[in-house]
Every structure is written in C-alpha cells, then in structure tokens.
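*Asks:* Sharing the features that TrEMBL gives for it:
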DOMAIN    45-133  domain 'PPIase FKBP-type'
DOMAIN    157-245  domain 'PPIase FKBP-type'
DOMAIN    269-357  domain 'PPIase FKBP-type'
DOMAIN    381-468  domain 'PPIase FKBP-type'
DOMAIN    486-514  domain 'EF-hand'
DOMAIN    524-559  domain 'EF-hand'
SIGNAL    1-19  signal peptide
Amino acid sequence: MVRRIILSLLLATWFSVDCNPGPIDDIAVDRYFIPKRCIREVKSGDFVRYHYNGTFTDGKLFDSSYDRGSAFFGQVGQKWQIAGVDKGILGMCVNERRRITVPPHLAYGSQGAGDKVPPDTTLVFDLVLLDIFNRADQVQTKVISTPKKCKRSVMRTDFVRFHFNGTLLDGTVFDSSYKRSQTQDSVVGEGWLIKGLDEGLLGMCVGEIRHFIIPPFLAFGEKGYGTEIPPHASLVYHILLEDLHNPKDDIIVEVMEAPEPCTRTSVAGDYIRYHYNASFLNGITFDSSYQYNHTYNTYIGMGYVIAGIDKGLQGVCTGERRRIILPPHLAYGQQGAGKDIPGSAVLVFDIHVIDFHGVKDTVQVDITHKSEACNETSEVNDFIQYHYNCSLLDGTLLFTSRDYETPQDVVLGGGKIIDGLDEALRNMCVGERRTVIVPPHLGHGEKGAGIVPGSAVLRFELELVSLQKGVPEGYLFIWLKESPVQLFEELDINQDQQVSLEEFSQFIKQQVSEGKGRLKPAQDPDSVIMDMFKNQDRNADGLITQDELKLKVDEDAEKTHHEEL
C-alpha cells in the first residue's frame, strides 16, 4: 500500500495534470546498455519490474527505487507510471539500461509533484529492467537435452528428485540444489511445488535437462519468498531430472540374458551367489561386487537383503543376467544409506547369477556316455581311477586331472574326496562319463578351499578309467568263493603244524591269482599280506599255529557274541 502511494505521488500523477500549451517535445531515449540476448521486449499491457534513479537535468536526484530497497512494479499502458516513462520503456529488454529524458508535459506538467518536483521540470530516469511478464503468459519450456532412451516420463503423483539452478529473470541466483549437494525431492501435481514447476516437470525423462521461465502468478506471486525472491518475480529454472518413481511402483525386472536350458529356478530359502553393478537411474554407479573380486552371497526370500532384491532374485536361472529396478520403498526408503545412497533414490541392479542351491539339494548326475559292456560298477571301498574337470557353474575351470600324467585315484568311501564327488563316482562302469552338480554342503562348504569360493556349487565332468573291487571296511582280504574247510592244512604247505610267512604269502597270492580271493586294493600286496600274517601270529613268534588261526568273520562274530553277553 505504501508503494502504491509513492508511485501515485511520483509517477502516476501525470494523467491528472493540465499541460501548458506550447511546442510538444517528445521523450529522448538513450539505450546505453543493450544485452546481447533479449528473450522478449516490453509491450503495452506487460507487467514490468525495474529499478530507477530519477534526476533533474542537472543531475540532482529527486527519487530512487534503490533507496527504498524495492523495485518499481506496474503495468505498461495502464497509467501506472508517468506517460514519458510508460512510452520510453516500450521495446526494452531484461537487463537493458536506458536513460529516458521526459519533457514536463509527459511528466508532472505545470503542477509538479509536491516539494519533490517543481512545475514545468524536465526529468531524467535511469532505468534497468529486471522483469517482464504478461497475464497471458504460460510456463516457457526449452528442452536442452534429452536421453536417447526414455521408457518413462513424469506424471502427476510421481515422486521426483532433481537438481536445479534457480535465477531471477535478470540472472540473479536465488537458489541452487548443487550448492547444497542435495537434490530437490517432491511429489508432482500435489501442491508441493509452485504451480509452474508442477506443470513444467510433466513429461520429463530421467537425465533430461530443461530450462523453464515461470511467470510470477505461477511462482510466488505478489508476496515473493523470503529475502531471495522479491514480489512479482519471474523465475528461471535450469533443471536436471535425476530420479523418478511412483509410490505405487513395484520392482521392474528385465531379463537381459537367459541361459538354455534352465532346469531349475531359484525359490525363497535358496542360497545364492551373484555379481552385481548397482547404479541410480541416471546411470551413476554407487557400488559393484566386481570391485571386491567376490560375489555377494545370501539367502533369498528371508529378509537378509533389501526387499526389492529379495523379491527380484526369486525365479532366476543359474547364469542368468537380469536388471532389477527398485523403487525407494523397496530399497533404502526416504533415509537412504550412508553417504552414497540418497533418500528416496530409485536403484538399478544389474545382476549376474553365478549359482544357487537349497539346503536340501542332492548331487545331480547326468550320464553322458554309458559303456555297452558293463559287468561291474563302482561302490564303496573300491579302488578307482578317473579323469575329471571341475568348474564353477559360470564355466570357470578350477581343476582338471588332464594336467597330470596319470588319472586321479581314490578308494571310494575312504573320506579322501568331497562327499558329493564320492557319491557321484559310485555305480559307474569303466568308460562311463558323467556330468555332476555338487551343492556346497556336499562340496567345500561355506568356507571354500583354495581357489574354490565359499558356498560354491561345483560342476564335475567325470570319466571312470579303471576299477579294482575293494574289501569291506576293516578287511585286508576277502574270499570270493567259499573258504577251504581245512584252511590251516591248506596253509601248512610243508605239513609241519605251523605256517611261516613264506607259506602264508604263497597261499594268499595263489587264491588271488585263481580268483578265489581279493586283497585290499591300492596297496602293496606284500605289505597287505604281511599285515594279515601279523594279525594271525598272535604271539609274534613268526609262525602261525592252528590255535592262532582265525578268520576275521569268526573273530567279528565272537566280538559280537561277547558284547551280547
């Protein structure tokens, strides 16, 4: 109200003053500074905001908007200012400076203006135009750059995160999210923002840059905002859209690569190993398992990871690559996480599934080649030789027997190899080939071993090269046929009622050669026979008598009988 009174005293009294007759001089306009860029020029009917100094022709100051700390605001052509200034401001650009010399009859005429301006005085106004708008104006939008791919754009009720530089129309900065190192976050179309931004953000894509000019009536209007935005100020925003989601969004899953075949997909409760690159919607990476040179390992569907990943990792195949887009409410929410993940951020995870397994998974065996002639198969206690390739499910080769001159050998059930491999090598024919999948609880477990990662599912390609049938646990020799009824007499070759090591060895080797008996495989036969002899030579005198000789099955039976007693 005070401003309108001042304006009426100094600028607006021209229309009620009677002009003296005489020569009619026009205004003189000196455009002493013209900006290189002029987005629009003042026309009649426009609203303008400008600062000025008013002086007499001798340079004496009689009025100044600077002294009042408030720019003049008015509508051109509607008698809000003296006629000379109203005319002299036409065609002016924002930031242009003009010196307008106004003759008395286009200023305050023969009456003057109180004690400030004497009658019949020529006035000089030095103006700088700060702002210009029209009631017919709308938000002016200029797209500076847009991403090549835009799968989604801003709609009403969407939540957005954007960076901005905000200036007045004359270039004066009033705010910048960059200076705060924090995006502006808001719901669109719900009154959280000024109307011009609500309108201008619609249709934007993540990564798009737009330039807005918002007239005051779609900004902060006649009240302005704080000390930075004066009343009746047009606002200029330079905006980069960083993020976009809707509170109703679910995760978005994009399968980038699906392996064939896929015999099983992951379910809740499975333990999974995967690599990931994690980024924001604008493509900026904030984390990656590759930089740690280690997969991320977790149970899924049990709340060990953020909800969106927990859900997005179900239904995957081993070797699959998929992209999972997580809205904030299924990621780290409004609080974000640490310094790297801001609040309300949409996250993008590019996932490569290395393997997964269930705690109840068993060894999977796929026979790729079966021998036509197969008279016997491998079993516990057998001594076998086999070739193998051991790899991770992503194809990474860990070990191969082909690196050595001879095949790998082992006694099955002896605890010398991992349980899953021991199981997979059973019931095989010589020449048979198998592909075997071993879950970690039957492999190297959570800790792994050497170059085998913890919790790794292993893939073996096996070929059985040779097979020597074994003997039961605790036995050194077994009969393949009925043992002799008069065993001692058979052993006592020289009939001297005692059996020497030489006699004992000769007899056992004969039984083996004739297919009547079998020694424990994978050991030196003479050493095995020596151990057998020592077991029978109970008084350790180097000879076995009939009283000392007992079959192991008879000894085991006696032990069982004694325990029962």
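Quick reminder: no glycine exception, Cβ is built from N, Cα and C everywhere.
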*Asks:* Okay, the domain 'EF-hand' (486-514) and the domain 'PPIase FKBP-type' (381-468): do they have at least three CB pairs under 8 Å, pairs separated by 6 or more?
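*Replies:* Answer no, regions not in contact.
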*Asks:* Over the span of the domain 'PPIase FKBP-type' (381-468), count residues by DSSP class, listing helix, strand and coil in order.
*Replies:* 12 helix, 37 strand, 39 coil
*Asks:* Near the domain 'EF-hand' (486-514), which residues from the same chain, at least 6 beyond its ends, have a CB less than 8 A from one of its CBs?
*Replies:* 477, 479, 525-526, 529-530, 532-533, 536, 542-546, 549, 551
*Asks:* With a Cβ cut-off under 8 Å, give me the same-chain residues at least six positions beyond the ends of the domain 'EF-hand' (524-559) that come close to it.
*Replies:* 474-477, 483, 487-488, 491, 497-501, 504-505, 508-509, 512
*Asks:* If you average the pLDDT over the domain 'EF-hand' (524-559), what number do you get?
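*Replies:* Mean pLDDT for the domain 'EF-hand' (524-559): 86.
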